[in-house]
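Feature annotations, reproduced from Swiss-Prot:
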type	residues	note
SIGNAL	1-18	signal peptide
CARBOHYD	51	N-linked glycosylation site
CARBOHYD	103	N-linked glycosylation site
CARBOHYD	131	N-linked glycosylation site
CARBOHYD	143	N-linked glycosylation site
CARBOHYD	215	N-linked glycosylation site
CARBOHYD	264	N-linked glycosylation site
CARBOHYD	281	N-linked glycosylation site
């Protein structure tokens, strides 16, 4: 018999003081010998030979104790050229976002450092010589301003186990640094807010390839109690856009020691709990049940607040729902809870 789904983080009232257990990992080993059969060198994928997507979700605690969820995402895949950023105050649940399309650029030919973004001060910069063990991310719009530096103090998650998966009819490559040490500041209103690095972390995600999905929901989840992190993919291809395929439903699970497992999942969105956007005329589920049989896991994932949609002028650039989520339930047969990010995109 399945245990009752716990509520924990998910039932905090809107005005509650946020007290999420944000903390970076403290891995200090070599990424050149991670003991996994990756098909590429992580540093090489930050070069100009690879376009695609650079993204971060940062779970921030300020020096004064306030907590925030910060998103930065640059896409340059030959079709889309867009930068998105947002800040969600986890106490007031006030959401701010910035969207800029066009005139983006990225450079990283050795020995130069990665620079990927749109306009001045909006995007990603490699600080370390390998372009990924220390990085900087910025947003300079008055509505969303931050300057973060993060360090790869976390064991990587290599999506699919080797770094390549079939998303629809085509290959996609993806790797992540899920719990980086993070420093810097945000500006909220007129206040500059310094970050407490010991109580903050960043998930850096790098992805490229053609892919074949016309809609998807992706999660990056943390289980603080056990040190597990999960990259969960779900998606479909519309029959009028490509040949019908089996829907994408899988998770890559990385444990506290860095071991990776690729698992089938069952994914059920709660269509009675949705956010409908008048600007896009699309509906976004806000709650989901995810089952991972090989981990004796069933979790209920919930968006912390309804509107976390980042949208532009509704031209050729797709909008994205990049939301802070919490979850609770069962993992490895024991009660668990955690937090993470969800990305929902409809092309």
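Using N, Cα and C of the backbone, Cβ positions are placed for all residues, glycine too.
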Least Cβ-crowded entry, counting other Cβ within 10 Å, from the glycosylation sites listed as 51, 131, 215, 281: 281
One of the glycosylation sites 51, 143, 215, 264, 281 has its Cα closest to the Cα of residue 131 (N-linked glycosylation site), namely 51
Considering only the glycosylation sites 51, 143, 215, 281, which residue has the minimal Cα-Cα separation from residue 264 (N-linked glycosylation site)? 215
Between the glycosylation sites 143, 215, 281, which lies closest to residue 51 (N-linked glycosylation site), Cα to Cα? 215
